[in-house]
Amino acid sequence: MSLFEELKWRNLITECSDEKRAKLLLDGNKKIKFYCGFDATAGSLTVGHLVQIITFLLIQKKGHFPIVLLGGATSFIGDPKKIEERKLLDPSQILDNFNKISLQFKKILSFISFEIVNNYDWISKIDVINFLRKYGKLFNINYMLSKEVIANRLKKGLSYAEFSYMVLQSLDFQYLFEHKNVIMQFGGSDQWGNITSGLELIRKINKIKDNDKPVGMTNALLLKSDGTKFGKSEDGVLWLDQKLTSPYKIYQYFLNTEDKEVVNYLKSLTLLSKKEIINLKEENIVNPQKRLAQKILAKEIITLIHGKKIFENCFNTNQALFVGKKDQLSEQSFYFLKYTLNYIEVNDKISLLEALVFTKLTNSKNKAKELISNHAIKIFDQIVDDTELILNIKHSLFNKYILLKKGKRFNALIIFK
């Protein structure tokens, strides 16, 4: 299977400006430079960006050279949102975001060669007069108005600043084409209008022969089971920065992937081969209760983002929660759980009844007594039958944490200050 065919099979190509040319570039003997852009409008990448990262890695594996473009300039404006105007960020915030995202890419892509560029380096050098004369004259207003996101926002109001974003982003492709011999751009499907505008700008400025023609393509946006995307502005966003989203929360999310979604996620979020993915699909059909595809999916994603050691901590934490293996809990496990479970902080002691109510494992002390009497409550992996029990640091692990369990699915923490 060719690289182009593999990307299509993985649903990593939705739109393509020239499929014949893309096949030639991706599967030819000549190695190319390609890029994808990311704005620094937040201090972390999200799970949704893994689609682009996997695309990077698959194309790089063929020997092509990837460039990560960070929008140090375009982040001052922001890509038009579907519904409302973006709030402008302070320059210091953009710089901080830029530095954090740069570090994330260097960590996640540490095992390959790639380059990070900042579009502030060239866009900031263009004055207003030259911007309008050299570039503004090349953009037709009717063409820009035909773009879906612009057309939708016009009904609700759109500033000139956000309207100009398309022009600014187009400069990126033109600059990289001219100065770094970049021949291909890809991005999320919501970037198709900006990508084609960049191709159009290159065509108008440069006298291009067929064998120098650049190509643009898009990936389908990563969607949750409810149809919403994993975006920065969405509710329940899953950040790749473990200070913002616990790795265990991401692990749990993909461990709970529905059967109808798991194969699509394996294709677009992992580097597993087609044969491996098909085998996992068949295994899930034969033994759905084992959920092997979901387990491998969660493992691959956490290992890519955070490394093998943190995956092992996530796995052990899950074993302790749902299989009852207390000895597999590490201090880092509790750090993960603090950002995943309900918890209460206490000074030296608390009654079990109060703890069950305060952590919302139940809504009353009477109900708590009933649960204890029915042997439905555990401290770590030990069933509790004493309704008068007072919990203190002696019951804890690492002199700090107590794990409360209700049945097989519900857990909470007590943390000693």
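Think of each number as a place in line: the chain as shown, counted from 1.
Note: Cβ is positioned from N, Cα and C throughout, glycine not excepted.
Quick caveat, the model's predicted, so the values are computed rather than measured.
Note on Swiss-Prot: of 189-193, 229-233, 279-283, the range annotated with the feature motif ''KMSKS' region' is 229-233. Burial estimate for the binding-site residues (TYR35, TYR165): highest at TYR35, by number of other CB atoms within 10 Å. Mean pLDDT of the predicted structure over the motif ''HIGH' region' (40-49): 95.
In three-state terms derived from DSSP, TYR165 (L-tyrosine binding site) belongs to a helical segment. Spanning the residues TYR35, TYR165, GLN169 that the record associates with binding L-tyrosine, the maximal Cα-Cα distance equals 18 Å.
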